[in-house]
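Student: The following block contains the structure, expressed as structure tokens.
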Amino acid sequence: MLLPQLCWLPLLAGLLPPVPAQKFSALTFLRVDQDKDKDCSLDCAGSPQKPLCASDGRTFLSRCEFQRAKCKDPQLEIAYRGNCKDVSRCVAERKYTQEQARKEFQQVFIPECNDDGTYSQVQCHSYTGYCWCVTPNGRPISGTAVAHKTPRCPGSVNEKLPQREGTGKTDDAAAPALETQPQGDEEDIASRYPTLWTEQVKSRQNKTNKNSVSSCDQEHQSALEEAKQPKNDNVVIPECAHGGLYKPVQCHPSTGYCWCVLVDTGRPIPGTSTRYEQPKCDNTARAHPAKARDLYKGRQLQGCPGAKKHEFLTSVLDALSTDMVHAASDPSSSSGRLSEPDPSHTLEERVVHWYFKLLDKNSSGDIGKKEIKPFKRFLRKKSKPKKCVKKFVEYCDVNNDKSISVQELMGCLGVAKEDGKADTKKRHTPRGHAESTSNRQPRKQG
């Protein structure tokens with residue numbers, strides 16, 4: 001059974017105020033005292049089922065599962081063999097978190113227990129001032145979190161909470177929503193449950209004018225303004241990439257938790273949270289898989305305005321199309337082995353996919369710093385106007401992660417699909433056609 005303490009960690013991660021006198025980054029909390037190659041993702045599917053009660057009050061079904069958890073929390077020890085007794089869970093958790101508070105950080109949440117070992121009905125985090133209701137076995141009750149006062153712990157979770165005077169809003173308007181049935185592993189918790197940061201993003205986006213496009217930059221600015229207000233030390237400020245997107249990795253420095261988010265909305269991705277290390281995140285993960293071209297709508301290419309930009313993109317695609325045709329017709333060319341084309345792809349899409357695979361030497365799904373060099377040489381040699389070349393790679397890297405995905409390459413070249421059709425408006429037909437890959441001669445531009 002999952003320890004309730006783990007359910008509250010992401011909640012508290014959002015509530016903890018940042019340390020004022022020191023700057024942190026995601027790399028600050030990378031684990032350095034353990035073997036970098038240490039694997040905490042053991043497969044325990046076939047392990048013998050012999051329950052163990054750990055020092056934090058959790059029951060592990062096998063020694064393998066315990067070792068997997070201990071890998072992430074070296075302080076964890078085996079208390080005794082067999083299932084943990086429910087009556088002692090609160091006491092065990094309290095003892096464990098008190099030890100954590102002494103050794104790690106003072107802001108850790110420490111539960112309150114009744115004389116019979118069950119959890120007290122009201123639990124509070126003194127460092128942040130938030131209180132909420134729990135069941136006798138420690139499960140948080142949804143919708144009961146309030147700031148700087150004692151919540152009404154209902155017989156029914158649907159009972160209304162007290163309202164602020166004159167506002168008509170409940171006290172938990174800015175508080176995180178708590179769940180009554182937590183499920184999942186420890187590494188899931190910070191992303192599976194709504195964090196205060198998520199709730200803040202939702203709140204700010206709801207206040208945004210419906211006619212305007214919400215972006216990370218706007219949320220970042222709003223968070224900075226909120227942080228200036230009295231008693232708003234718990235505001236979490238999102239990290240932003242270029243183009244109004246969120247950085248794929250978001251972290252809370254005070255606790256060392258990091259998680260992956262959808263770059264267009266900032267919402268956490270379930271199952272991605274880690275502690276004291278950066279998770280591996282998809283730089284293109286989106287809530288709404290948008291047309292790649294939309295990311296570049298209105299995006300300025302420095303030194304290459306309007307008609308010059310159109311001329312430049314046309315020359316790049318024209319040269320790439322010609323190179324693909326020549327590669328396909330030259331048996332000695334290492335790049336001539338073309339994969340079977342997707343029948344739904346237009347010529348320009350086939351060209352971009354072909355060239356992307358050519359550059360992506362390690363098949364990682366993106367073009368890294370070293371792999372991008374041939375593309376830069378290609379642009380300098382075969383495209384015009386030359387003024388458009390200088391900043392084009394930076395223009396393509398819309399999320400500023402120093403690499404280019406196939407979606408970014410298609411988008412910055414203006415060939416992303418829109419309603420099932422490629423964006424080929426106003427563009428001249430490329431000089432060489434990929435029909436030669438089907439044993440047909442390339443059609444010359446008339």
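Count begins at 1; order follows the chain as displayed.
In case you wondered, yes, glycine gets a Cβ from its N, Cα and C as well.
Remember, predicted model here, so these are calculated numbers, not experimental data.
Reproduced below are the annotations present in Swiss-Prot:
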type	residues	note
BINDING	Asp397, Asn399, Asp401, Ser403, Glu408	Ca(2+) 2 binding site
COMPBIAS	206-216	compositional bias 'Polar residues'
DISULFID	Cys40-Cys71	disulfide bond
DISULFID	Cys44-Cys64	disulfide bond
DISULFID	Cys53-Cys84	disulfide bond
DISULFID	Cys90-Cys113	disulfide bond
DISULFID	Cys124-Cys131	disulfide bond
DISULFID	Cys133-Cys153	disulfide bond
DISULFID	Cys216-Cys240	disulfide bond
DISULFID	Cys251-Cys258	disulfide bond
DISULFID	Cys260-Cys281	disulfide bond
DOMAIN	34-86	domain 'Kazal-like'
DOMAIN	87-153	domain 'Thyroglobulin type-1 1'
DOMAIN	213-281	domain 'Thyroglobulin type-1 2'
REGION	147-228	region 'Disordered'
REGION	416-446	region 'Disordered'
Student: Once near-sequence residues are set aside, which residues in the chain of Cys281 (disulfide bond), 6 or more away, have Cβ atoms under 8 Å from its Cβ?
Tutor: Pro248, Val249, Cys260, Val261, Ile269, Thr272
Student: Per DSSP, how many helix, strand and coil residues does the domain 'Kazal-like' (34-86) have?
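Tutor: Secondary-structure breakdown of the domain 'Kazal-like' (34-86): 11 helix, 9 strand, 33 coil.
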Student: At 10 angstroms around each C-beta, which of the disulfide-bonded residues Cys53, Cys258 has the fewest other C-beta atoms nearby?
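Tutor: Minimum Cβ neighbour count within 10 Å, taken over the disulfide-bonded residues Cys53, Cys258, occurs at Cys53.
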Student: Could you give the Cα-Cα distance between Cys251 (disulfide bond) and Cys64 (disulfide bond), in whole Å?
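Tutor: Their Cα atoms are separated by 29 Å.
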Student: Should Glu408 (Ca(2+) 2 binding site) be counted as helix, strand, or coil on the basis of DSSP?
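Tutor: Where Glu408 (Ca(2+) 2 binding site) sits, the three-state DSSP reduction gives helix.
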Student: For the recorded Ca(2+) 2 site formed by Asp397, Asn399, Asp401, Ser403, Glu408, name the remaining residues of the chain with Cβ within 8 Å of the site's Cβ center, in chain order.
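Tutor: Residues close to the Ca(2+) 2 site, other than Asp397, Asn399, Asp401, Ser403, Glu408: Asn283, Asp366, Cys396, Val398, Asn400, Lys402, Ile404, Ser405.
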Student: Based on Cα coordinates, which of the following recorded positions are within 10 Å of Cys124 (disulfide bond): Cys40, Cys133, Asn399, Glu408?
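Tutor: Checking Cα-Cα distances against Cys124 (disulfide bond), the recorded positions within 10 Å turn out to be Cys133.
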Student: Tell me the Cα distance separating Cys71 (disulfide bond) from Cys44 (disulfide bond), rounded to the nearest angstrom.
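Tutor: Checking the Cα atoms of Cys44 (disulfide bond) and Cys71 (disulfide bond) gives a distance of 14 Å.
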Student: Could you give the Cα-Cα distance between Ser403 (Ca(2+) 2 binding site) and Cys131 (disulfide bond), in whole Å?
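Tutor: Each residue's Cα considered, Ser403 (Ca(2+) 2 binding site) and Cys131 (disulfide bond) end up 44 Å apart.
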Student: Per DSSP, to which secondary structure element type does Asn399 (Ca(2+) 2 binding site) belong, with helix, strand and coil as the options?
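Tutor: Once the DSSP labels are grouped into three classes, Asn399 (Ca(2+) 2 binding site) ends up as coil.
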Student: Across all chains shown, how many C-beta atoms besides its own are within 10 angstroms of the C-beta of Cys90 (disulfide bond)?
Tutor: 26
Student: Could you check which of the recorded positions (Cys64, Cys153, Asp401) sits closest to Cys240 (disulfide bond), going Cα to Cα?
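Tutor: If we rank Cys64, Cys153, Asp401 by Cα distance to Cys240 (disulfide bond), first place goes to Asp401.
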